[in-house]
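Data first, discussion second: the structure below is written as structure tokens.
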Amino acid sequence: MPFSNSSELSPSFILASIPGLEAAQSWMAIPLCSAYVLAVLANGAVLLVVRAEPGLHAPMYFFLCMLAAIDLALATATVPRILCFYWFGSREISFAACLLQMFLIHTLSAVESTVLLAMAVDRYVAICHPLRHAAVLTNGATAKVGLLALARGVLFFLPLPLLLLPLPFCGSRVLSHSFCLHQDVMNLACANTTPSVVYGLTAILLVMGLDAVLICLSYLLILRAVLRLAAWRERLKVFSTCIAHICVVLAFYVPLIGLSVVHRFGKDLAPLVHIVMGNIYILVPAVLNPIIYGVRTKQIQRRILSLIHVADR
């Protein structure tokens, strides 16, 4: 039944289910819920540990707190709604709620990309210009970077829902994911979507694309500086300080690229592929980021272990 956002009835979309596995969705929600709980606990622990440990009040750990807060917000904006669908059969999502969720997903992803770039710059300055590191990356500068990252995400991705607002929607209302993404919603419009396509692609390239290029450039400069060191042991020791950040960058960009490829070239793929890739994109960074930094940072390890020991008493 055709519908439009200008009609008297509030338009809505239908979240994607897995054909033939609808009856098993309540069971499939269990690992999804477990991953979400793990993400909340792990990222919450990082925030508490950094706040409670004065020795961690440094730019790198403040950036880590930003990542934890972003991952918590991104997972909370999507996973509870997916669980309501899987457990209670609530597949319908209103037009306004869908646009809000879409805006949050894209904006928070842009903010995370900017923070990852800032962390790469932090590593570059610490390794290539160690004497200037404390003067350049102060706590105040770190806070300004966080505000700039948020403003950048909002300014670039606020137009996405605004471009969709005047469009009529007709035909199928079924999304290809269990949450709302710009390209997914845009494909359901029965009008010219060229402005939305062009702006969406431009925003992605100017934010995530540019950030990825600059991160690669920063690591090329870091690698050049590391290779100038005489001893291999010293080279490995210096470069090992970047391992955690490289893993976090891969945990963010690999699912992002995978999801983009599925949207662009995977129209004939099974619906399960779209749903799984979407869930990986939402949850993998949120689960892996605190684990990666927890393993690589002894101060975080010790503080978390002490908290667990106190809780067991």
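Cβ atoms are placed via backbone N, Cα and C, with glycine included.
Curation does not apply to TrEMBL; its annotations are automatic.
The transmembrane segment feature in TrEMBL is assigned to 27-49 (among others).
Per TrEMBL, domain 'G-protein coupled receptors family 1 profile' is recorded for 42-293.
Sequence annotations record features per position, and here TrEMBL assigns transmembrane segment to 61-88 (among others). Beyond the transmembrane segment (61-88), the same-chain residues lying 6 or more positions past its ends with a Cβ under 8 Å from any Cβ of the stretch are 15, 17, 25-26, 28-29, 32-33, 36, 39-40, 43-44, 46-47, 50-51, 101, 104-105, 108-109, 111-112, 115-116, 118-119, 122, 139, 142-143, 145-146, 149, 178-179, 248, 279, 282-283, 285-286, 289-290, 293.
Residues annotated as transmembrane segment in TrEMBL: 94-121 (among others).
Per TrEMBL, transmembrane segment is recorded for 142-165 (among others). Beyond the transmembrane segment (142-165), the same-chain residues lying 6 or more positions past its ends with a Cβ under 8 Å from any Cβ of the stretch are 5, 59, 62-63, 66, 99-100, 102-103, 106-111, 114-115, 118, 182, 185-186, 189, 195-196, 199-200, 203, 206-207.
Annotated transmembrane segment per TrEMBL: 197-222 (among others), in sequence order. Sequence-remote contacts of a segment are chain residues at least 6 beyond its ends whose Cβ falls under 8 Å from one of its Cβ atoms, and for the transmembrane segment (197-222) they are 106, 109-110, 113-114, 116-117, 120-121, 123-124, 127-128, 152-153, 156-157, 159-160, 163, 182-183, 186, 239, 242, 246, 249, 253, 256, 260.
Same-chain residues lying 6+ beyond the ends of the transmembrane segment (243-266) with a Cβ under 8 Å from its Cβ atoms: 67, 109, 112-113, 116, 119-120, 123, 181, 183-184, 204, 208, 212, 215, 219, 273-274, 277-278, 280-281, 284-285, 288-289, 292-293, 295-297. Residues annotated as transmembrane segment in TrEMBL: 243-266 (among others).
Residues 16, 18, 21, 32, 35-36, 38-39, 42-43, 45-46, 64, 67-68, 71-72, 74-75, 78-79, 82, 105, 112, 176-179, 181, 244, 247-248, 251-252, 255-256, 258-259, 262, 266, 301, 304 of the same chain, all 6+ positions outside the transmembrane segment (272-295), place their C-beta atoms under 8 angstroms from a C-beta of that stretch. Among the features that TrEMBL reports, transmembrane segment is placed at 272-295 (among others).
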